[in-house]
Amino acid sequence: MENFWSLCLGRFEEELSAQQFNTWIKPLRFEAREGTLRLLAPNRFVQQWVKDRFLQKISALAEEVLSTPVQIELALYDASEKSPITLAKPKPAEAPGAAAKIEAEISKVTKTVSPAKPASAAPKKPKTLTETSGLNPAFRFDNFVTGKANQLARAAAIQVAENPGTAYNPLFIYGGVGLGKTHVLQAIGNHLKSQRPDAKIRYLHAERYVSDVVKAYEHKAFDEFKRQYHSLDLLLIDDIQFFAKKSRTQEEFFYAFNSLIEAKKQIIITCDTYPKEIADVDERLRTRFSWGLTVAVEPPELEMRVAILLKKAEAARVTLDEDVAFFIAKQVRSSVRELEGALNRIIAMANFTGHAIDVSLAKEALKDLIAVRGRQITIENIQKTVADYYKIKVAEMYSKKRSRNFARPRQIAMTLARELTNHSFPEIGEAFGGRHHTTVMHACDEIEQLRQNDQNVARDIAVLIQVIRD
């Protein structure tokens, strides 16, 4: 059962800033008793904070892995290790034997799929920034699945990893949540570390950098702060958009950026949007973000999603037929993280029920996801979202006007309808003013070409996909 908590720790460590993770999640203790998972907090403040903000996520993760509701109890332990004080009321106990089954299935799945980052043992003495790289060795180029959605980002990353400070400096990678930006970022660091073990490498989330600036300010230790950050060979900053409205942080990063670039040291940045569109960040920083190379990471296309699933199944030593992989890939389209979660659920259900993994079992395991997806995304919703985005009337989606101002958004909407729904080309054509299915096919081909060659179109589509799915 400890493996389940390791999975939770790994997921939260990936999604939260280091400060949030160390303050709220890492102090929790975990135990399992009679079909109930128990989390023990060190004090009432942490207990209430976790209950309000993270308990639902932990419960959802348990249900995602097991495809069955699991009781999560949040309690309080005192310093003398007495019986915990319960905050959350327990749900009805699982059926006899359920605890053993749950423990067995969590153990099997979490050992093979989505390995969590191991929790670090408390160091005997504090380490300086340059002694702690922050890298996760699990993120490497050899286990990163490449497709049209990320091939440019991967190629640029490899070039930078092999020639740091000379090619594409800075390298700016942008895209939505769960698309592999962090994987690419850390793969660069791990590659350089393997080639140059003595290199000073630092990976961190932008919020951690903000925290370091605050600490330096509080302790009047900016000389030490600058010495550590300005002496790096490779600086990897994740989610730079978190610098928004933090003027002192932006000022310090401006100095660090200039110092590293002048010394021909490599900087790599990830963000959820294009450099010029980052809100509430100083213009001089946004300009510098574009000095090197800017590349997008987009949602994976169907073939890439299938390849990701097959690779993860292989790593988990699970047999996954291509027809099952295609079925999963057609249902889960937004991110690699969601693909991973869907596969976890299917494997757990197969182990739990004793059935072989086939399309019918996959449908059962993902029935809630399929139902939600079916309710949320419709052609009408896509048409309205695209029309709003391009500031045209929805009626232009059905009209015969061929002006580029109307035709381009219409073609993009057709393409998104094909990607985000299960409708056929003829059905999509009918929804767009009774157009022939070949018109829809031509629109999809044309937009796909533009997507590969026009950065603005690629960015528009990535934004639209996120808006539609949210």
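Yeah, the Cβs are placed from backbone N, Cα and C, and that goes for glycine too.
As written in Swiss-Prot, here are the features:
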BINDING   Gly178, Gly180, Lys181, Thr182  ATP binding site
REGION    1-68  region 'Domain I, interacts with DnaA modulators'
REGION    68-133  region 'Domain II'
REGION    134-350  region 'Domain III, AAA+ region'
REGION    351-470  region 'Domain IV, binds dsDNA'
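Known features from Swiss-Prot, placed on the structure.
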residue: Gly178; record: ATP binding site; Cβ contacts under 8 Å, 6 or more apart: Ser334, Ser335, Val336, Arg337, Glu338
residue: Gly180; record: ATP binding site; Cβ contacts under 8 Å, 6 or more apart: Phe144, Asn150, Val297, Val336
residue: Lys181; record: ATP binding site; Cβ contacts under 8 Å, 6 or more apart: Ala153, Ile173, Tyr174, Gly175, Asp238, Thr270, Val297
residue: Thr182; record: ATP binding site; Cβ contacts under 8 Å, 6 or more apart: Glu14, Phe139, Asp238, Thr270
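In this structure, Lys181 (ATP binding site) is part of a helix by DSSP.
Those residues of the chain, other than Gly178, Gly180, Lys181, Thr182, with a C-beta within 8 angstroms of the mean position of the ATP site C-beta atoms are Gly175, Val177, Leu179, His183, Val184, Thr270, Val297, Ser335, Val336, Arg337.
A mean pLDDT of 90 is what the model gives for the region 'Domain III, AAA+ region' (134-350).
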